[in-house]
Amino acid sequence: MRISLNWLRELVEIKLSPEELAHILTMAGFEVEDIEDRRTWANGVVVGRVLERQPHPNADKLSVCQVDVGASETLNIVCGAPNVRADIYVPVATVGAYLPNIDLKIKPAKLRGVPSQGMICSLKELGLPSEVDGIYIFPQENLPLGSDVRPLLGLDDVILDVTATANRADALSMVGIAREVAALTDAKLNIPEPGEVSVSGSVGKLGLKIADTQACPAYIGTVIEQVKIASSPEWLQQRLRSAGVRPISNVVDITNYVLLEWGQPLHAFDQERLKFVANADSLTIGVRFANPGETLKTLDGQTRNLTTQNLLITANDQPVALAGVMGGEETEVHEGTQSLILEAALFDSVAIRRSSRSVGLRSEASGRYERGVNRAELEIANRRALSLISELAAGVIVHQEIADTRPDPASWSRSILLRLDRVNEVLGPINVGETGELEAKDVERTLTALGCELTPAGEGTWNVSVPPYRYRDLEREIDLIEEVARLYGYDNFCDTLPDKAEAGYLPVDQELVRKLRAALRAEGLTELIHYSLVKPGEDRQIVLSNPLFAEYSALRTDLLAGLIDAFQYNLEQGNGSLNGFEIGRIFWQEEDGLQEKDAIAGIIGGDTSLGKWSKGSKEQPLAWFEAKGILESVFQQLGILVEYQPDCRDERLHPGRTASLWIGGNRLGIFGQLHPQLRRDKDLPESVYVFQLDLDVFLNALDKDEILVPTFKPYSTYPASDRDIAFFAPVKVSVSEIEKAINKAGKGLLESVEIFDEYRGENVPQGQRSLAFRLVYRASDRTLTDTEVEPVHNKVREALVEKFGVNLRS
């Protein structure tokens, strides 16, 4: 927003230079992007009067003028403007003047043989916008000749280009900036307070119909007659130009002026044009959302196709304006306007934001409504506009209608508890010659300057009543603390670091999950993420009562279904087999209520020989033990021992190639090959394996000191002693049980056990199988002798016979 210091000085006493004021505003959180010092634009330009104008003897488009600038002699000036004539007052750049906007220094010159001792200026040459082709002619008469033109043209001003943060809607007005400057500098405010307006006229000329009071909580419509449309007075035009707004006419300029002064958007309708659009003599101004298919031609000449998101102003239900965004071209004020309807309203910020975006149109009004307009100053801004229209356009107020559904004014302010201890805890010590803390009087003075009312609620505690114009951004105690820091000055607080600083760290669970992810990625698995919402229809599913889509209306009961579908989809898209894993939450119903837990699942499969290098023409699908080896490699990296037991409960998995996984007697999860029928239904490769593990059980197993902080165990440098053992064992006895018994019996010297042969068939007793194991014995401090190994090995043999009834073959 462009801030005129001349205008600002009328609202608040300013004794600072523009640069000092810009620094204070910047340190308080308002970015001053530019300081436009207009005082340098017309240095040496004075008021002159054209006494005589003669055609140039050597050029048809030039004139030779005699100009009186209050000096002892008149100046002979050659001018090329078509509107120059005798007996007018004009700005004259005298010899020696420099015009920075056109980079021109005035010197005596000869133009087509005629001497010229200066230049009669246009507004553009002085840096001001102008729609007139030619020099500027002062509308005033009897101006003092030779006087400085800068006060007459508003060039004795400095403009600050200030950007307010998004939460400071109150700072989008001159009054808001004045309040801020007063709070920062302890200056006195002089905010104009318009008086009450009198309504003199008949009743019933206007009706209001608000269809959605949430979108429009307040609307004031005022009928004004006998209006005389003309140019605005020079002071008003100068203020609009300084703010970057083009003057149009007195009524339109007044609405723009009040917008800049109070931050309240207004709109003026031509009453006769409203009646023409409504096709009726009596008018009902309405506020409603647009119907599909409606259109509106806005003031910028564009025809807008409206949607149900557009909030409209209507005349007898005919669209005449985009509420809070832009008026309609059919009802705009023009030179022949004699009666008005002035709109002053409050619109919901969300409704205006949606309406503005849906048509791709933003305006000064919509920008303010989107941030939030002060609902307590609607009547003030309306009275200000009405008094100016009465004064500058001779308007007579004949009728006013008000629709107001705002809550009680007492609710326009909120009360927040503020603690002095909390203020000092958050902000820290201040520099007051020596390190100290903010005192109660400092907090009270700062917040009172902002317009807050403080009521003591105990020692070092206040109930702070926030003014209505700060209602939207001062909501919590921390907001008030920020205001104290901002106004007291961030640079007045000590910049010392806290005495103690602890390095951040991840919780153990998060650290372990990261290690788990890294281990799975190291095995070539890609992490996948799927929606938690799935199709309904499974047992024990939790179904949502208000789903966004019917096909995503239930919570997933496991992760495997999503992984299998992803594997199938990648094959269909020609991307090959997808080896991946997912960590996520699953949900299900029990008799005692709803349950949820974290799980980790994965899918592995396809032909491992596929790639850029040919390994033969025959497919080499992944074997069960190869897939199991990938999982075991992950377990080995994490330092945990997992047991496998046969399992056939999941119908999606092969009943003979599925195992449940156990850790320390707790069920960890399941691993197995997809059922052949499911594989055929989904057209998947021959060998696809999946696993799903309970993440909580997994993390509990990992949460041990020897795993979290592994210690190095030196390798033995002594040779090993190998022994093979073969026997017939019942088929019902698993290899894992046998290995467990061998490890227990050989504990101390036994380093490893590995099965290397299994045989079923001829010469093997019914119901048994032949198994062969290799046992490796080793000591860390010596070379083992046969006399040391044999007793331990015999103990292993005896344990197998005693526990499983095996028939030893070696």
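We count from 1, first residue shown onward.
Positions of Cβ are set from backbone N, Cα and C atoms, glycine also.
Keep in mind that this is a model prediction, so the values were computed, not measured.
A sphere of 10 angstroms centred on the C-beta of Asp473 (Mg(2+) binding site) encloses 19 other C-beta atoms. Sequence annotations record features per position, and here Swiss-Prot assigns Mg(2+) binding site to Asp473, Asp479, Glu482, Glu483.
Here Swiss-Prot flags 39-150 as domain 'tRNA-binding'.
Look at the domain 'B5' (411-495): DSSP puts its residues at 38 helix, 21 strand, 26 coil. The domain 'B5' feature in Swiss-Prot is assigned to 411-495.
Residues or ranges marked as domain 'FDX-ACB' by Swiss-Prot: 716-809.
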Under 8 Å Cβ to Cβ from Asp479 (Mg(2+) binding site), same chain, six or more residues apart: give me those in sequence order, or none if nothing qualifies. Ile416, Asp473
Other than Asp473, Asp479, Glu482, Glu483, the chain contributes near Mg(2+) (Cβ within 8 Å of their centroid) the residues Asn167, Arg470, Leu474, Ile478, Leu480, Ile481, Arg486
Long-range Cβ environment of Glu482 (Mg(2+) binding site), under 8 Å and at least 6 residues apart: none
Secondary structure tally of the domain 'FDX-ACB' (716-809) (DSSP, helix then strand then coil): 30 helix, 32 strand, 32 coil
Within 10 Å of the Cβ of Glu483 (Mg(2+) binding site), how many other Cβ atoms are there? 24
Can you break down the domain 'tRNA-binding' (39-150) into helix, strand and coil residue counts using DSSP? 6 helix, 40 strand, 66 coil
